[in-house]
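Novice: Got a structure for you, written out below as structure tokens; questions coming shortly.
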């Protein structure tokens, strides 16, 4: 089974590399790079596995005795383990560059099993290192390389997470042309459906759900808003479902939210058994150019496209507040449900 793997360089990336001799052969030389450990802990929560790939020039020769190397190396691994970080595999090439061995980075001989058995997901795996050889290794593996030094560990974290749990989706019919982009870890918000009040409601999902959301819709508004609202819901739901991927680690569930004099509640379950229970009454037929009856239809279409069981209800006096409360409650429930809480799937069945 393909895994999300970070192939990580050691010296100069994970731990500081002494400029004097480029060898970490004493405990005094062992220092971690800033934010390396917290970043790896964060990425571990998102299901990434770690593989160390390091060139250690002349390891085992008189100039770099193996026992000296192992003292610092084992201490490093002990510290990482105490923090909750372990490497699935550790590959070390001990040769000098002029020996022209098959295993030295950027060659891939050390990773032959990973390549042969397709053990890493090329779309969701990365090489992290401080040298150009690491970037060439990334190219040889068919994954993206992130160069430490040009990027800090926090910037590397952001780069990885912005490409992870993200999706794009396009839905084109005779009635509408819709493009949606979702990043569940946050990002840009841009919504243009041609229905101002609907845009305002969709913005609540992005802002209060803390997600990046871009939606553009060209629809047959000269007829009415029905097709645009329905198809935006279908495209948005499909895009969120795509961004969630295998759903491993998500909380799965969530929320109740007061909105001025209103009380809106939303309960959500990413169970892949779509269902909607909706309890809301509006005095007005329209809010702006959006028919209030289309609010229920939006959530119905959205729940089926997302594959969620969705319970929504609101009570209050002001129709605008009630509508906004529903969208905000949905957003908060979504934020709670997609949050990574563990490394496991939240189901006793082993599948959602």
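Every residue gets a Cβ built from N, Cα and C, even glycine.
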Novice: Starting from the Mg(2+) binding annotation in Swiss-Prot that includes 9, 11, which of 130, 177, 196 is the extra site residue?
Specialist: 130
Novice: Who sits close to residue 11 (Mg(2+) binding site): which same-chain residues at least 6 apart have their Cβ under 8 Å from its Cβ?
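Specialist: For residue 11 (Mg(2+) binding site), the qualifying residues are 17, 22, 24, 54, 56.
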Novice: Taking the Cβ of residue 101 (Zn(2+) binding site) as the reference point, list residues of the same chain whose Cβ is under 8 angstroms away and which are at least six residues distant in sequence.
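Specialist: Within the chain, residue 101 (Zn(2+) binding site) has Cβ neighbours under 8 Å at 93, 95, 107, 109.
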Novice: Let me check the 10 A CB neighbour count of residue 95 (Zn(2+) binding site). How many other CB atoms are there?
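Specialist: The answer is 18.
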Novice: Fewest other Cβ atoms within 10 Å: which of the recorded positions 9, 130 wins that one? Let me know.
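Specialist: Per-residue Cβ counts within 10 Å for the recorded positions 9, 130 bottom out at 130.
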